[in-house]
Ligand code: UGA
């Protein structure tokens, strides 16, 4: 039997990566986005965001590029997608609703409703977006109602676990594949699609719809909890003059705890963890299970407190009032190797300082354009040295490698006062102190 033809609906972070990865695995792929600009960018072989390795993968496969496999094409037409595909991946985003905890399902609903009328022959629609548990059940009913193929147009749920900055690697070599299915046929089709990663060792876990949906939200909740746990320990270390970095290293040696995701600092941000734990709490409330997730409220508040503590440390560093003080900020994105500033703790701290009267200048290797777009009133510089020139205090807020490699002696020549605050706990205190800097970090002793 010929390989299934694949479509990917929504070509943002998840979709653009998934489409390119599917082409890399040897499938013919058609990507759809409602934004013609995004499609034009992808057709040029460029990712719509900064993601290491993705531009290369696109150029390797997007039709029309010299030497490309031609297996990857893009369109804005649902009719074309319906005609082309056997397996349709829904990769649109599910942001937090404005002013509410719940997640906004309108893009997923619109994708299913736009695609369904074009499904005239057997097809599998596979949801990858992060959704509240129960959504797949509801969408399956909607699909059966709207698709001319009726029951031959089936739904499956296959959550995605990729991390920004590692999206290509995580998609091609997933640490597990989870599929929620209702038929043998759906399972077989997905086994075919993922045959290569499964042959290379990725576990393939078959389950029902609600469990598949819950695996995703519970995994992100666990990660968020782990970060807030270590940040809570940072608060205690601050009170007791302990060192959270040593503490994390020491508890991480216990295999049951593990070393990863125990880096204390200004906390988690981005387009996933914060909104996912909130949407999970909102959904649990609807299901009458809010008590089960009440700890997530604490996880969220510990996380937000760390940003406030960074602002407080900055105020202390400049003598009690931020008014007119110059603050040099290193980092704007929510994590390194990304240009994403959505719910970025770094940008949030910079913004709070600005609103309290400080003169803030931000530098980030990849995030400046996005930061400027959402926070145009902050000052921006195109280098680390430019951001810290004349500064009364320097804040390290996103742990780009470039910042770890900075020469504190050289930076010291540019600032007004050698005072640095590490919000990510990746700078070496001894190195900075040696060059005459006053070094403070969240959850670490003052000297
Ligand atoms: C997260 C999950 O890690 C992915 O598995 C998931 O697929 C994805 O969300 C999603 O739902 O799509 P991502 O948002 O790319 O991935 O970022 P993470 O690497 O999880 O980092 C999230 C935030 O936590 C960042 O702001 C990071 O700086 C912070 N963090 C991470 C810490 O503060 N400390 C740590 O030890 C680790």
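Every residue, even glycine, has its Cβ placed from backbone N, Cα and C.
Taken from TrEMBL as is:
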| type | residues | note |
| --- | --- | --- |
| BINDING | 33, 38, 94, 130, 164, 275, 342 | NAD(+) binding site |
| BINDING | 161, 162, 163, 164, 216, 261, 262, 263, 264, 265, 269, 335 | substrate binding site |
| ACT_SITE | 272 | active site, nucleophile |
| DOMAIN | 328-429 | domain 'UDP-glucose/GDP-mannose dehydrogenase C-terminal' |
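Positions of TrEMBL features highlighted on the structure.
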| residue | record | DSSP class |
| --- | --- | --- |
| 33 | NAD(+) binding site | coil |
| 38 | NAD(+) binding site | helix |
| 161 | substrate binding site | coil |
| 216 | substrate binding site | helix |
| 262 | substrate binding site | coil |
| 269 | substrate binding site | coil |
| 275 | NAD(+) binding site | helix |
| 342 | NAD(+) binding site | coil |
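Only 163, 164, 269, in sequence order, out of the binding-site residues 94, 163, 164, 216, 269, 275 have a CB under 6 Å from ligand 1. Here the CA atom of residue 264 (substrate binding site) lies 19 Å from the CA atom of residue 272 (active site, nucleophile). Checking each of the binding-site residues 38, 94, 164 against residue 216 (substrate binding site) by C-alpha distance, the shortest gap belongs to 94.
For residue 342 (NAD(+) binding site), the nearest of the binding-site residues by C-alpha distance turns out to be 163; the candidates were 161, 163, 262. Taken through DSSP, the domain 'UDP-glucose/GDP-mannose dehydrogenase C-terminal' (328-429) splits into 35 helix, 18 strand, 49 coil.
Within the model, the domain 'UDP-glucose/GDP-mannose dehydrogenase C-terminal' (328-429) carries an average pLDDT of 97. Counting only the Cα atoms, the space from residue 38 (NAD(+) binding site) to residue 161 (substrate binding site) is about 23 angstrom.
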